[in-house]
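Scroll down for the structure; my scribbles are underneath it.
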Amino acid sequence: MLTSLALIFLFGLAIGAACKAIRVPAIIGMMLTGIVLGPQALNLLDPKILSISPDLWKLALVIIIIKAGLSIKVSELKQVERPLFLLGCIPALFEIAAFFFFAPYFFGISKLEALVMGSVLAAVSPAVVIPRMVMLTNRAYGTEKSIPQMIMAGAGLDNVFVIMLFSTFLGFTQAGHTELGIFIQVPISLILGMAVGVGAGLLLSWFFETAYAVKHYVRNSLKVMVVLGVAFILIALEGWTKEIVSVSGLFAVMSMACTLNFKASFSVTKRLSEKFSKLWLAAEVILFVTVGAAIDISYILNAGLAALWIVCIGLVLRSLGVVLSLLGTNLNFDERLFCVLSYLPKATVQAAIGSVPLAMGLPCGHLVLSVAVVGIFFTSFIGTIAIDGSYQKLLQKN
């Protein structure tokens with residue numbers, strides 16, 4: 001197993017860096033590494049690693065959820081309140097609607113499975129978008145109207161919203177609820193998840209602040225371990241209570257991270273965010289390489305053009321959602337077009353949650369992962385080219 005981990009880290013980082021050097025997202029190189037090292041090609045990875053991949057994916061998902069919750073900045077939310085919140089919800093809802101109506105026609109799946117697939121594909125990729133928006137901020141492109149800041153914060157909210165919907169749809173698919181049951185139980189699941197998460201966040205904030213007040217300093221590394229431990233309990237809570245009431249574990253984790261971000265002191269949340277960003281560096285490599293190793297090429301070939309078609313239809317409706325979200329703002333046509341292009345890339349969330357239905361043994365698991373992989377390769381590539389090639393033409397340099 002140690003040899004497999006060495007291969008995952010060394011080759012994943014090396015091929016990812018090579019892809020980055022030619023302006024291709026590093027995550028594509030990591031997934032290609034997994035395909036080559038996995039059972040579809042060289043078969044160099046220990047079966048034990050592959051057998052625990054679902055747990056590794058869930059760990060990576062928890063890390064990215066906490067990272068997203070801690071990265072939301074209140075000051076940025078206040079600068080562009082209305083369009084920001086719309087960008088966090090409307091484009092994702094439009095894309096999920098595309099899958100809800102068209103995926104059953106293309107793949108013969110149920111409406112509920114289509115919602116799961118749509119929620120997997122609906123999130124924008126922070127791994128692709130955020131570094132580029134930081135670059136634009138440093139180079140002063142579009143900063144007068146807070147365009148990079150709006151896109152970064154909107155991407156964070158988009159991830160939160162999509163993961164919330166995914167966890168809800170997945171839970172109901174696993175439980176076999178009807179479409180009517182979804183609309184009845186969604187509010188209950190979300191409200192309970194938020195209540196538990198907010199309570200956990202307040203408790204953690206109180207614990208860290210009280211420990212500091214009595215001169216009992218808790219090291220930042222220990223804080224990370226405590227936060228992760230509480231997050232794992234919240235995830236497990238969903239399984240413990242499923243026979244009694246539906247509680248969204250992922251939304252509880254997100255609510256905990258957001259509450260901790262808003263209630264704890266700035267120094268605590270800043271250092272926690274930095275720690276989880278560093279933790280994500282290793283989790284990202286493991287996630288994308290093991291997802292690549294889990295890909296069954298035959299399923300992707302079977303999905304074929306249908307997968308590409310449904311991804312493209314989703315992108316069209318998503319772009320329409322971005323345009324509608326920006327109505328009433330002071331952005332000109334070029335700036336709105338740039339926002340549309342910035343909302344195209346998909347990668348991180350798709351890799352983190354695209355494999356979950358397969359890990360849970362759902363009938364649509366292989367299909368969802370296959371469509372997610374097609375979406376990652378297609379949109380991360382064209383999205384990167386679109387952003388890098390257009391910002392100097394579409395945005396004003398201040």
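Yeah, the Cβs are placed from backbone N, Cα and C, and that goes for glycine too.
Within the listed segments 9-28, 249-268, TrEMBL records transmembrane segment for the stretch 249-268. 56-72 is the stretch from 56-72, 84-106, 280-301, 307-328, 366-387 with the greatest number of Cβ pairs below 8 Å to the transmembrane segment (220-237).
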